[in-house]
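Peer 1: Please see the structure below; I have some questions.
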Amino acid sequence: MAGPSFIDRARSAADDDDDFPIGDFPGGGRQTIIPQDLAEETPFQQLIRHWMNERHAPDILPGQEMLLGRLLDHIRKQSSDVELLRADPDSSEEEHFRIMLVQTEVERVKFVIRSYIRTRLHKIEKYAKYISANPEIHEKLSKAELDHARRYARLVDYHFNQSVLQSLPEQQRSSEENVPFMPPMTAQPDKLRPVFAHALQDCPPMRLPDGTMSEMQKGQIVLVPFYVVEQLLLRGEVELV
Amino acid sequence: MNNASQYGDLATQLLTESRRSTATNTLLKYNDVLVRAIIREQRDLEARIEAALARSAENPADAPEPGKDPYMSTILLYQTAIFRNKRCLLAYHHHRIEFLKDLYWSVGGALPLLLALPPGGTHANAGAQAGGAGAAGAAPQDVRSKLSPHEVDFLRSYAASLLTLRTEAFSSDAGGAVGLTEDIDLLAPISHPPKDLQVHVRVVRDCGVVHTELGAIDFKRGHRFLVRRSDIEHLIVQGYLEEL
């Protein structure tokens, strides 16, 4: 069942990522949890991993603000370098070609960042009410995202009130009710949803839904409910594919 | 209320409308009449429950034994209908705002443009139609006429909330003010990653002078340009330019 991950493929592909050197980690708290053999990932490869995880996970994952900040700084630096080189009349034909490559790459990195943020936004809006009601999720969001979630939850509530609830009889106006045999009115992430997980290293045992224990070897791919691999995912031991 | 119909029939009609909207990917007109009719049904049901409760309280002797109140089943029936109607109403409204949000993103967050758009169809041919219709084509069939006033309010507040998000995004504790807005245009399309730096475009609608990498370009209808994608991407999204 082993297969090369997207990251591996990206790595074995032609080396076009040398615009993103690694050495400049500011030594953030998250650094310590990244296993040894992952530490060589470039920031952009990390972002791709987090982006794919976010897109596949039913629940919202911790935001990667440090990483984004680093990439954005880098993009800014690259862009200003490019401007300088372009303005320089002495740069050669070959340099102009390189500049074009760098610019294209910058656009592509921006695309991934945009898609990553939009994916999170989509989930934040979908579960806005659930998020604002459960403080333990708050730490996964940035302040701006959390504010947006709260505003959005209020907005939807207000809209429902104005359009429907306020016209109903007094007893029917609540927007939160627990009726037996009916799903709750607040949408929640479905952690039972199956996901494909790819082990980036040998993983500690995990408990499957039927109670048996199972261990993943490095490189294995399994299809399991999301909650089974949730912890492994947060520790960076698996990625979703 | 028509006696031949059952409770909940109207709500089913409302849901059918939502399904139709999804299936055809068109925005249908806000069905104010039906929504009101269901709300009337809700009031009627509530009145019936109260009447049943009152009768139950008046005639406690009707119960053959404690806990077997003969009115309970009636009340339960009404109650179920009420819950169902309410969910249907909310689902209808929710479905609509989700649809509107999709529209909002698909035109790159240009709210005035969105409200004037002919409903249904993709933004590309929507732009073409608007361009073809010219200034005189003040189509009565724009999106705004399909919305309830509350939905217009919702879109405005939603746009405002996103604007706040974009200005303060990721500047909290990510090591200094990162200022996401200047670098990343969140509203740009995310369906296809960029493959080329430059893009050939044809101008569908005049959009005046735009500053690009190559200097200011006056985009006049019918002209073609080779420009840097990131400079004019929003104009493609909003239907001013067409990719060739």
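Placement of Cβ uses the backbone N, Cα and C atoms for every residue, glycine included.
Sharing the record's features from TrEMBL:
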type: DOMAIN; residues: A:82-162; note: domain 'GINS subunit'
type: DOMAIN; residues: A:192-241; note: domain 'DNA replication complex GINS protein SLD5 C-terminal'
type: REGION; residues: A:1-27; note: region 'Disordered'
Peer 1: Run through the domain 'GINS subunit' (A:82-162) and tell me, per DSSP, how many residues are helix, strand and coil.
Peer 2: 70 helix, 0 strand, 11 coil
Peer 1: Summarise the model confidence on the domain 'GINS subunit' (A:82-162) as a single mean pLDDT, whole number.
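Peer 2: PLDDT averaged over the stretch: 88.
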Peer 1: When DSSP states are grouped into helix, strand and coil, how many residues of the domain 'DNA replication complex GINS protein SLD5 C-terminal' (A:192-241) land in each?
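Peer 2: Once the DSSP states are binned, the domain 'DNA replication complex GINS protein SLD5 C-terminal' (A:192-241) shows 9 helix, 18 strand, 23 coil.
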